[in-house]
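Pulled from Swiss-Prot:
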BINDING   14, 15, 16, 17, 18, 19, 20, 21  ATP binding site
DOMAIN    7-191  domain 'Guanylate kinase-like'
């Protein structure tokens, strides 16, 4: 049985395009794990089909900056002229529901969270870095999405190269050959770290 009193938090880390979102969809279907995705707050405009409070918490830049000043974020970052951040209140809400929060963050955000909370015994961190099968495959996945210009793809790839250098900062590393295989490996890691 999963020990919910440990206040486990899963940090799922990896470069953009590595498949974290697809892996999460599989993990959230698990009857064994009681996972909930921590929704981030953002100042970016809502995309078609997105719902406030479901996909993100869409807030104004002023409100976001006020939350920064009040130390309401576990971490926050500016990405392509928009703020993104993980609200501590969202994590506490997930705990109150008897579930394990999953934070899908880039390396920079993960490092900020771990720096801020590493000496606090409040949380049991399960840090997992998702690797692409190869750098070329990562680029192919980003291109196939069809959502970015060549310039944005180049920026994402340069950022991914930097993020891959930090992979050893995380306790577990898995390679996403297929989302099913990666999700199975991650489920085993989470079960091992949360039992007892």
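Cβ from N, Cα, C; glycine included.
Here the features listed in Swiss-Prot are placed on the structure.
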| residue | record | Cβ contacts under 8 Å, 6 or more apart |
| --- | --- | --- |
| 14 | ATP binding site | 20, 106, 107, 129, 130, 131, 132, 163, 176 |
| 15 | ATP binding site | 106, 107, 132, 138, 156, 159, 160, 163, 164 |
| 16 | ATP binding site | 106, 142, 156, 159, 160 |
| 17 | ATP binding site | 132, 138, 139, 141, 142, 145, 156, 160 |
| 18 | ATP binding site | 130, 131, 132, 138, 141, 160, 176 |
| 19 | ATP binding site | 130, 132, 141, 176, 179, 182 |
| 21 | ATP binding site | 104 |
Other CB atoms, at most 10 A from the CB of residue 20 (ATP binding site): 21
Around the ATP site recorded as 14, 15, 16, 17, 18, 19, 20, 21, what other same-chain residues have a C-beta within 8 angstroms of the site's C-beta center? 130, 132, 138, 141, 176
